[in-house]
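Student: According to Swiss-Prot, the protein has these features:
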type	residues	note
ACT_SITE	68	active site, proton acceptor
BINDING	64, 66, 141, 212	Zn(2+) 1 binding site
BINDING	68, 69, 212, 270	Zn(2+) 2 binding site
């Protein structure tokens with residue numbers, strides 16, 4: 001998987017950072033997919049500066065209905081129709097996402113010429129496509145807000161064809177069942193368990209993408225043990241009380257959560273527009289003092305999971 005940050009600013013854009021939007025390129029050899037997490041104003045314009053086509057998006061996950069995470073959605077939906085050949089799209093988000101989307105399209109005389117499904121979610125598993133699952137966790141913010149945990153299923157180990165041949169099992173249709181870990185009966189009556197001839201499974205990758213939040217009880221479960229955690233760091237540690245009062249987190253709190261949840265890497269984003277480049281580096285240093293494996297996202301930054 002690959003994360004591409006299209007916008008990393010909190011609340012309003014700056015000259016160098018747009019508001020929140022993150023692409024997740026699934027990069028699966030047999031079932032590719034392009035997912036978008038949040039869609040702040042100008043997201044479709046940001047995508048023009050990447051190699052990715054909005055028409056290829058197949059799922060959009062909205063964390064909450066604040067404008068800096070949402071106002072780019074109607075325009076993106078319409079542009080997909082104007083460009084043509086857009087594939088079916090499913091939007092996930094909190095209660096109100098359907099009314100917002102349908103009202104924006106209706107009042108502007110707009111429409112979509114591709115299948116569009118809107119799913120209003122609650123906390124819990126919201127998607128399992130056989131290759132990965134997505135679980136939504138309620139966060140602490142003035143509006144109903146969610147974070148998303150994306151987990152690939154473990155990849156089955158390779159079938160040891162040499163060992164099977166040594167056991168007298170010839171290559172053929174049975175190999176598919178054995179590769180799936182099934183038990184098969186040979187013509188001579190022998191019973192072969194495919195699991196005995198498989199290499200260990202490769203653990204799937206996992207990502208936790210937080211919406212806006214103050215520290216909350218669900219955060220540790222959302223992030224526990226993931227390879228990459230994407231979390232807001234709206235304000236520095238000295239402004240922690242102000243951040244929390246508005247449903248946001250400080251650098252220290254993001255880093256401490258990453259440490260407690262034992263994640264592989266922390267990527268901080270959603271940085272207040274009050275910070276220039278030097279200020280952003282100070283935010284990064286505050287996080288790294290607690291959790292060294294921290295990176296600071298900037299617009300168009302790409303991270304491999």
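For all residues, glycine too, the Cβ spot is worked out from N, Cα and C.
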Student: If you take the centroid of the Cβ atoms of 64, 66, 141, 212, the listed Zn(2+) 1 site, which other residues of that chain have their Cβ within 8 Å of it?
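Tutor: My list of surrounding residues reads 63, 65, 69, 139, 142, 143, 145, 211, 213, 247.
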Student: List the Cα distance (Å, whole number) between residue 69 (Zn(2+) 2 binding site) and residue 141 (Zn(2+) 1 binding site).
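Tutor: So the alpha carbons of residue 69 (Zn(2+) 2 binding site) and residue 141 (Zn(2+) 1 binding site) sit roughly 13 Å from each other.
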Student: DSSP three-state call for residue 64 (Zn(2+) 1 binding site): helix, strand or coil?
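Tutor: Once the DSSP labels are grouped into three classes, residue 64 (Zn(2+) 1 binding site) ends up as coil.
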Student: How many whole Å apart are the CA atoms of residue 64 (Zn(2+) 1 binding site) and residue 270 (Zn(2+) 2 binding site)?
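Tutor: Cα-Cα, rounded: 14 Å.
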Student: Tell me the Cα distance separating residue 68 (active site, proton acceptor) from residue 212 (Zn(2+) 1 binding site), rounded to the nearest angstrom.
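Tutor: Cα of residue 212 (Zn(2+) 1 binding site) to Cα of residue 68 (active site, proton acceptor) measures 11 Å after rounding.
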Student: Among the recorded positions 68, 212, which residue has the fewest other Cβ atoms within 10 Å of its own Cβ?
Tutor: 68
Student: Rounded to the nearest angstrom, how far is the Cα of the residue listed as 'active site, proton acceptor' from the Cα of residue 270 (Zn(2+) 2 binding site)?
Tutor: 10
Student: Given the binding-site residues 64, 141, and counting only Cβ atoms in the protein chains shown, which has the most within 10 Å of its Cβ?
Tutor: 64
Student: Just name the most isolated of the binding-site residues 66, 69, 270, going by other Cβ atoms within 10 Å of its Cβ.
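Tutor: Relative to the other binding-site residues in 66, 69, 270, 66 has the fewest Cβ atoms within 10 Å.
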Student: Around the Zn(2+) 2 site (68, 69, 212, 270), what further same-chain residues have their C-beta within 8 angstroms of the site's C-beta centre?
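Tutor: Those within range, site residues removed, are 10, 11, 19, 20, 38, 40, 63, 64, 66, 211, 232.
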Student: Could you check what DSSP calls residue 212 (Zn(2+) 1 binding site) once collapsed to helix, strand or coil?
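Tutor: Where residue 212 (Zn(2+) 1 binding site) sits, the three-state DSSP reduction gives coil.
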Student: Give me the Cα-Cα distance between the residue listed as 'active site, proton acceptor' and residue 141 (Zn(2+) 1 binding site), rounded to a whole Å.
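Tutor: With distance taken Cα to Cα, residue 141 (Zn(2+) 1 binding site) is 14 Å from the residue listed as 'active site, proton acceptor'.
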Student: Under a three-state reading of DSSP, tell me whether residue 69 (Zn(2+) 2 binding site) is helix, strand or coil.
Tutor: helix
